[in-house]
Amino acid sequence: MTAWHASVLTLFPEMFPGPLGFSLAGRALREGRWRLEAIDIRAFATDRHRSVDDAPFGGGAGMVLRPDVVDAAVAAALAGGDPARPLIYLTPRGALLDQAMVRELAAGPGCILLCGRYEGVDQRVIEARGMREVSIGDYVLSGGEPAALALLDACVRLLPGVMGEAASAEEESHAAGLLEYPHYTRPAEWQGRRVPEVLLSGHHAEVARWRRAEAERITRERRPDLWAKRAAGGGATAAPDCHGRAEPPKRDARKDHER
Ligand code: 9WO
């Protein structure tokens, strides 16, 4: 099978890979575990002024991305990869991205992401191409690009071989819909604050139990919506893993920020 393939349709192709060129995603990109193609929407403009937008029918401020130009960019993306890849328009009115959607996308052949600018994209090309509308949260950005970067980051870390095996196992036990438990490293006391004693005990089973309880408490307190979903969903109730340590691991010589 060929590598997971992301095509991003944007007026600002220089924004990619951007942060995805660093750390785990960047290494995986260089290793060929996934592929990223930024397609410049402006390359599909047809007039001599290379115009991609026009005034909205009905009036009002701002401009709208033209359906003909966007459609030609979509056609190029489809022709350049598996045509079964889902086509996604990043917009605040889309379905909220969650870890289940991320898992589904990461398990597929990749995706084609359309990033809007200005006031948005002509609705007819969204409908004609059967685009899935996806939001990463309830706020308005100045364009879809940061949302595309966030979606891709979330997907890429789930691809085989991108995270270490230990981290992948960890991910699995936390995929049950719980928020993270608190983390601590040395020193055991800092500015008068002690690390919880159980973490210094070396009792792996007790550590795992404490972490599970903390993750559940934090999820209940901060995100009752997630807590309810988890309880109702009857998802994985896997036993917590046993990675507790009395001492934090020695520092890895590799620097994650070194590309
Ligand atoms: C512009 C605008 C102007 C007047 C009244 C409402 C308005 N909404 C927008 C708007 O949403 N513009 C978008 C800017 C057009 C598509 C790209 N833009 C965008 C995407 N902003 N925020 C996102 C986004 C995408 C995914 N998840 C969260 C936010």
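Glycine residues also receive a Cβ, built from the backbone N, Cα and C atoms like all the rest.
Unlike curated records, TrEMBL annotations are generated automatically.
For G116, I136, G137, D138, Y139, V140, L141, the entry in TrEMBL reads S-adenosyl-L-methionine binding site. Annotation for D138 (S-adenosyl-L-methionine binding site): same-chain Cβ neighbours under 8 Å, separated by at least 6 residues, are P92, L96.
What TrEMBL lists as compositional bias 'Basic and acidic residues' is 242-259.
For 7-228, the entry in TrEMBL reads domain 'tRNA methyltransferase TRMD/TRM10-type'.
Annotated region 'Disordered' per TrEMBL: 221-259, in sequence order.
Candidate binding-site residues: I136, V140, L141. Fewest other C-beta atoms within 10 angstroms, V140.
In the vicinity of ligand 1, defined as a Cβ distance under 6 Å, the following of the binding-site residues I136, D138, V140, L141 are placed: I136, V140, L141. Shown are the binding-site residues G116, G137; of these, the residue with the fewest other Cβ atoms within 10 Å is G137.
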